[in-house]
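The block underneath contains the structure these notes are about, expressed in structure tokens.
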Amino acid sequence: MPSNNFKFFLTWWLTQQVTGLAVPFMLDMAPNAFDDQYEGCVEDMEKKAPQLLQEDFNMNEELKLEWEKAEIKWKEIKNCMSYPAGFHDFHGTALVAYTGNIHRSLNEATREFKINPGNFHYKAFHYYLTRALQLLSDQGCRSVYRGTNVRFRYTGKGSVRFGHFASSSLNRSVATSSPFFNGQGTLFIIKTCLGAHIKHCSYYTHEEEVLIPGYEVFHKVKTQSVERYIQISLDSPKRKKSNFNCFYSGSTQAANVSSLGSRESCVSLFLVVLLGLLVQQLTLAEP
């Protein structure tokens with residue numbers, strides 16, 4: 001008869017294969033992330049994104065409600081600063097919405113995109129956010145701080161990226177304050193060259209937020225234990241080619257990547273089914 005320890009190990013191992021995370025909250029290159037930079041298809045996406053947004057609204061009620069709230073806020077604040085050429089209301093609304101309540105579900109779906117690409121109902125939102133950061137980024141580098149109640153781990157080898165949009169602040173005291181940081185999680189000290197200062201596009205201007213795109217790669221990583229928390233310094237930022245590009249624009253390249261994503265999704269589905277069957281059989285085998 002299989003022991004409870006064996007059942008636990010089997011369940012744990014298969015779960016790790018499905019999620020693609022060997023260790024929870026591992027700091028790595030986020031291999032499952034949707035990291036589209038929309039290089040070469042901005043014009044196409046500008047035409048297609050409004051339709052994609054409506055499709056996402058039909059499938060994602062939370063996004064629809066948060067977007068409608070953000071539209072109202074954006075109309076109130078959009079004349080408080082000047083914006084670069086090409087920046088429009090969709091970009092501003094997306095940034096405001098992100099600083100609300102939708103960022104958690106968006107980031108979870110973005111980081112684990114390859115596991116279930118067919119259930120990603122943030123297509124236009126991701127595009128507008130990404131494009132907004134590209135337009136607002138002045139190509140200058142800045143040091144920022146990101147506090148989280150999660151304890152991250154790093155293997156000590158290789159470059160890393162967040163794999164999702166990452167909020168940070170120019171003000172260390174903001175990053176280390178509640179509710180962002182409880183003193184037992186992780187404090188990131190980041191040098192970002194692709195992050196954009198979005199203070200004037202936020203519900204919370206006092207946070208001095210700098211939003212970092214998930215595709216920014218950091219080649220120098222230093223970790224240390226400080227009192228009860230982990231401090232991680234990320235430096236030597238670079239912009240590298242993404243695994244996805246123009247995924248929703250309908251281009252040939254997008255179709256090729258889509259096929260890859262579908263194959264990986266099938267493998268994940270198979271492992272989920274296998275997990276359920278094995279656990280069921282082990283349970284039935286007990287006297």
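Backbone N, Cα and C define each Cβ position, glycine as well.
Taken verbatim from Swiss-Prot:
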SIGNAL    1-20  signal peptide
DISULFID  C41-C246  disulfide bond
DOMAIN    61-241  domain 'TR mART core'
DISULFID  C80-C201  disulfide bond
SITE      C80  site 'Required for the thiol-dependency of NADase activity'
BINDING   Y98, R146, S202  NAD(+) binding site
DISULFID  C141-C193  disulfide bond
SITE      C201  site 'Required for the thiol-dependency of NADase activity'
LIPID     S258  GPI-anchor amidated serine
Seminar exercise, completed: Greatest Cα separation in angstrom, residues Y98, R146, S202 binding NAD(+) per the record, works out to 17
For this session: Going by DSSP, give the three-state secondary structure for R146 (NAD(+) binding site).
Result: strand
For this session: Specify the nearest of the recorded positions C80, Y98, R146, S202 to C41 (disulfide bond), where nearness means the distance between Cα atoms.
Result: Y98
For this session: Out of Y98, R146, S202, point to the one nearest C193 (disulfide bond) in space (Cα versus Cα); all of them are binding-site residues in the record.
Result: R146
Exercise. Near R146 (NAD(+) binding site), which residues of its own chain have a C-beta under 8 A away, given they sit six or more steps off in sequence?
Worked result: A166, S167, S168, S169, A175, L187, F188, I190
For this session: Give me the Cα-Cα distance between C246 (disulfide bond) and C141 (disulfide bond), rounded to a whole Å.
Result: 26
Exercise. Whose Cβ, among the disulfide-bonded residues C193, C246, has more other Cβ atoms within 10 Å than any of the rest?
Worked result: C246
Seminar exercise, completed: Across the domain 'TR mART core' (61-241), the model's average pLDDT, rounded to a whole number, is 96
For this session: Please classify the secondary structure at C80 (disulfide bond) using three-state DSSP.
Result: helix
Seminar exercise, completed: Given the disulfide-bonded residues C41, C80, C141, C201, the candidate whose Cβ has the fewest other Cβ atoms within 10 Å is C80
For this session: Run through the Cβ atoms and count how many others sit within 10 Å of the one on S202 (NAD(+) binding site).
Result: 21
Seminar exercise, completed: Here the disulfide-bonded residues are C80, C141, C201, and the Cα closest to that of Y98 (NAD(+) binding site) is found at C201
